[in-house]
Amino acid sequence: MSEPTPTDKEKKKPIPPAMSGRRALPPNTSNAEEDEVPVMEMTGLVPRGVNLKDFLEVNEVHMFKGVQEVNKQEHHTDKYYHPKLIVRRGQAFQIQIDFNRPYNPEKDQFWLEYVIGRYPQQNKGTYIPIPLVEELQSGTWGAKITWKEGSSIRLAIMSAPTCIVGKFRFYVAVLTPFGILRTKRNPETDTYILFNPWCPEDSVFLDDEKEREEYVLNDLGVVFHGDINNMKTRSWNYGQFEEGILDACLYLMDRAKLDLSGRGNPIKISRIGSAVINAKDDDGVVAGCWDNIYAYGVAPSVWTGSVDILLEYHSSGMPVRYGQCWVFAGVFNTFLRCIGIPGRIVTNYSSAHDNDANLQLDVFVDEEGKVDPKLSKDSIWNYHCWNEAWMTRPDLPIGFGGWQVVDSTPQENSDGMYRCGPASVQAIKHGHVCFQFDAPFVFAEVNSDIVYSKAKKDGTRVIEHIEKDRIGKLILTKEIGSDRAKDITEQYKFQEGTDEERLALETALMYGVKKKTSQDTVHQLGTDVNMDFQVENATLGSDFKVTVTFRNNGHNRYTATAYLSGNIVFYTGVTKNEFKSHSFDVTLEPLSSKSVDVSIKSSEYMSHLLEQASLHFFLTARLNETKKILAKQKTSVLQIPKLHIKVPGEKVVGKEMSVIVEFTNPLNQKLENVWVRLDGPGLLRTTTTKMFREIPKNSTLTWEEKCIPRQAGIRKLIASLNCDALRHVYGELDLEIERKPFL
């Protein structure tokens, strides 16, 4: 494309004064904005008597963009509910051009052009001239004529495997003796170019077809939550192929002001994605809320998928309220898969949030054995969800590509914004936390030690106990091809206590993880007495017990004063309030064990309970003879009732079917203002919600909804229920939809 004339420039938007002394053009950060491309670029005056229509002219361009046509089938983009051409970079696609007369290669010269954004420049990759070539070559743009008949030709177009990902405008340019004639702007020829995990030269190449089907093409996922002793699952509708989602995902990069020239780089895209998915400092997609107050918004537990969130954000440009870690991870996964980057959700059980980057979680107790909340600032999340994105890392040494941690939950500031990653999983495992981005924080999430210290009145601190195997106890993701859990803990850390594990820890310390700076900490010798406790599994609203066990392995008799504190906590480990405080004395005979049961009544916790029904117990004991402090903590999640979904009758594409949602109120109180949400990708056109004013205690809610399935095969219905008294109530149903019979 030739440079614009001074007259053309005057018609453009004025260049901001702040830019004019430093660069020729402003940043090109919007895929949606366009510059007008001239239809004619004359190099001089056209002599009288010359009719430009005598030269080769384009009558029509066929993009073969139908779902059943060659391009979308070969590029694995046939699932996108989108009328435009969608292809993947680094792979040839087909078009047809109808001219006003037969094309004569000896006297006619034309080329193709792709343009994206404003201020198109070839060296930035925002203006791409595509020449005709004899043979297509991988790694570079080119167009080859594959068929010619009458005034029509077909072309195979090869795109570069490093090109920008986004929506391009398409033109055909014809060279005449008097200048260039170009087709008019035609939105019907717009082309979306995505990352290509099927292309070996693409930086997101994944060499296993089953993995590509799971991590790129699967529009349904599973989120693992709960706690290590009571793991729970819920399905999530990623909906990356639904109507409007592709444009919404491209809009996110515009909102993040990522220069178009950087949109071919998955490292940059995943990093800005981890920032723009949350609304902490840039009015991103989802506003986080962890205080159990969801005024003017939707409780995080209500969401069943990403589609409504992304469409609302694209429409309003305002953060959607509210989300927590699994919501951020679900929306981020939709973004990754939609633009072609393989992605998956990962759950880390007993996830550390290390506030001071010293690679340990510090718990301080006073001389009476009670936790000091003023000193204990670190927290342990029951679970934390983040994402992994698959890509090469040419910015790191060989061996650190592959899965990269990216986390959009706003926890800590990174380079001035709330974001995290991409951090190499391999680097985290081996302790190479010097490699960007944010590896020290992720390393601490999965590898911290819990250090229990006694804070004395004279200011000294005595380390009483170190718990080395609780953090990052289990790390899960969805198994390929099923809803079962896949244990990937060993991808993040070596087995606890091995030489490799200690070496990784020492390597992390060597590479700059902040070490303890206080010099007043001393270690106290161990003791003959061990202490542990178990929390009985219980359903929400029931009584249960906590069993405390002491074991005296020595030959001395001990007496101990124990203190059990029961707290209502957010799933992030942050305490809301204490609901149980119980002290008791115990005598421990030599070489013996002793157990004590502590009863927990439902009346003690129900009025304070938060939405995930999470209880945290902290047990301390002081040996009166030695003044030694024993400490142990555990989290318990109560069982929450489920929704039940039924689909009676035939299940056939294009034929109406009934979906019945049922729920029985198990609480000894009525539920008020109950919202039920039903989602079904490929089954329901949109997510459906209904409000029930009241559900009396022990009564059953029944809701019937009609729908017409659009896709055959195994599909899933997902439902959620939400009210002030009860949240995180889910239900789901897998069903097989039959194809419409041929008449």
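In case you wondered, yes, glycine gets a Cβ from its N, Cα and C as well.
Bear in mind that TrEMBL entries carry predicted annotations, made automatically and left uncurated.
On a predicted model such as this, the values are computed, not experimentally measured, just so you know.
Feature annotations, courtesy of TrEMBL:
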ACT_SITE  C325  active site
ACT_SITE  H384  active site
ACT_SITE  D407  active site
BINDING   N447, D449, E496, E501  Ca(2+) binding site
COMPBIAS  1-13  compositional bias 'Basic and acidic residues'
DOMAIN    317-410  domain 'Transglutaminase-like'
REGION    1-35  region 'Disordered'
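Looking only at Cα atoms, E496 (Ca(2+) binding site) sits nearest to H384 among the active-site residues C325, H384, D407. Other Cβ atoms within 10 Å of the Cβ of H384 (active site), summed over all protein chains shown, number 27.
Note on proximity: of the active-site residues C325, H384, D407, the one nearest D449 (Ca(2+) binding site) is H384, by Cα distance. Of the candidate active-site residues, C325, H384, D407, the one lying closest to N447 (Ca(2+) binding site) when CA atoms are compared is H384. Residues N447, D449, E496, E501 make up the record's Ca(2+) site, and a Cβ search at 8 Å around their centroid adds S448, K468, D469, I471, G472, K493, G497, R502, L505 from the same chain. Annotation: H384, D407 are the recorded positions among H384, D407, E501 whose CA atoms are within 10 angstroms of the CA of C325 (active site). Taking only the Cα positions, the spacing between D407 (active site) and E501 (Ca(2+) binding site) is 24 angstrom. Take the CB of D407 (active site) and look out to 10 A: across all protein chains shown you find 31 other CB atoms. Taking Cβ-Cβ distances under 8 Å and a sequence gap of 6 or more within the same chain, the neighbours of E501 (Ca(2+) binding site) are K493, F494, Q495.
Averaged over the domain 'Transglutaminase-like' (317-410), the predicted model reaches a pLDDT of 91. In the shown protein chains, 28 other C-beta atoms lie within 10 A of the C-beta of C325 (active site).
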